Amino acid sequence: MASSKLSPCLIFLQLIFLLFVFNSANAQLKVGFYKDTCPQAEAIVKKVMDQVMKVAPSLSGPLLRMHFHDCFVRGCDGSVLLNSSTGQAEKDSPPNLSLRGYQVIDRVKTALEKECPGVVSCADALAIVARDVTVATMGPYWEVETGRRDGRVSNFSEPLTNLPPFFANISQLISMFRSKGLSVKDLVVLSGGHTIGTSHCSSFTSRLYNSTGKDGTDPTLDSEYIAKLKSKCKVGDQTTLVEMDPGSVRTFDNSYYTLVAKRRGLFQSDAALLDNSETKAYVKLQSAATHRSTFFKDFGVSMRNMGRVGVLTGKAGEIRKVCSKIN
């Protein structure tokens, strides 16, 4: 009798367990998350980005980095896109002041809302855009996992402690990446994203005028490169832009590693890749490659790894209608 009374209870518990497992599986990121709810989502993003890249190819670097800057603060939740009436959002923080292209994400989101209202998150839009600008600059294609939801919090102070600074040493870089669940290989591979885009002089002039070498220069920086940079960037220059990968600024390739191997990485964080055996070996491998080698494949893998950091799924967060403000 006792067992027969327990049977309905056991059945109920089993159903609850199965429902939990189903919802948990449903909450995970996956390729094709929108195949039923918005099957044209990625095609819509690509159409907008094709139009943007034709007229503003210089936005490829900033848009790729915007996804990185989003994921390293509160996870990949679109919080970098939020506005603050008091200037206290992530985008107002010094590490994010160089980001550009917010209006492009707004344009993408408007197109998605027109086709599928309230379905595709801003965080997912950022991830897809990052892939599409990489492809547009002749870089690798990878399948983007989707299913992220948008966060409701964006704090001025958090980028200061979560984003790896351009002056970071290798120990700091490894520690910051590991804190996000990313490996040493992810660090050196994702650094390769510096193959496209530009930087303000202010991000690296301390290596030219206020370092430990001769005439205040950084002894880890190639002397000829120092001379070229000094001709472009004077003391206190806050506005001049310099190519991070000279001669290849709009082409996604492995030439970044060739520069780093020759001690011509623009930032101290680039030069730091030569201070660890694993990262140095990867730099040497890619710099010696006569073709793309493994870098393109590795970059897609590491971008997927980064895209999983701290995501909100299931019923967490929200799907913002406008990326710059919570619903």
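Just so you know, glycine gets a Cβ as well, placed from its N, Cα and C.
All annotation found in TrEMBL is predicted automatically rather than curated by experts.
Quick look at what TrEMBL lists:
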- HIS69: active site, proton acceptor (ACT_SITE)
- PRO164: substrate binding site (BINDING)
- HIS194: heme b binding site (BINDING)
- THR195, ASP245, ASP253: Ca(2+) 2 binding site (BINDING)
- 28-327: domain 'Plant heme peroxidase family profile' (DOMAIN)
- ARG65: site 'Transition state stabilizer' (SITE)
So what's the mean pLDDT when you look at the domain 'Plant heme peroxidase family profile' (28-327)?
96
Whole-number Å only: compute the distance from the Cα of HIS69 (active site, proton acceptor) to the Cα of PRO164 (substrate binding site).
9
Output, ordered by sequence, the same-chain residues six or more apart from PRO164 (substrate binding site) with a CB under 8 Å from its CB, or 'none'.
PHE72, GLN172, LEU173, MET176, PHE177, SER269
Residues near ASP245 (Ca(2+) 2 binding site) in space but at least six apart in sequence (CB under 8 A):
HIS194, THR195, ILE196, SER255, TYR256, LEU259
Ca(2+) 2 site shell beyond THR195, ASP245, ASP253, criterion: Cβ within 8 Å of Cβ centroid:
GLY192, HIS194, ILE196, SER248, VAL249, THR251, PHE252, ASN254, SER255, TYR256
So if I measure Cβ to Cβ from ARG65 (site 'Transition state stabilizer') and keep only same-chain residues at least 6 apart in sequence, which ones fall under 8 Å?
LEU99, GLY193, GLY197
So for the residue listed as 'active site, proton acceptor', how many other CB atoms are inside 10 Å of its CB?
22
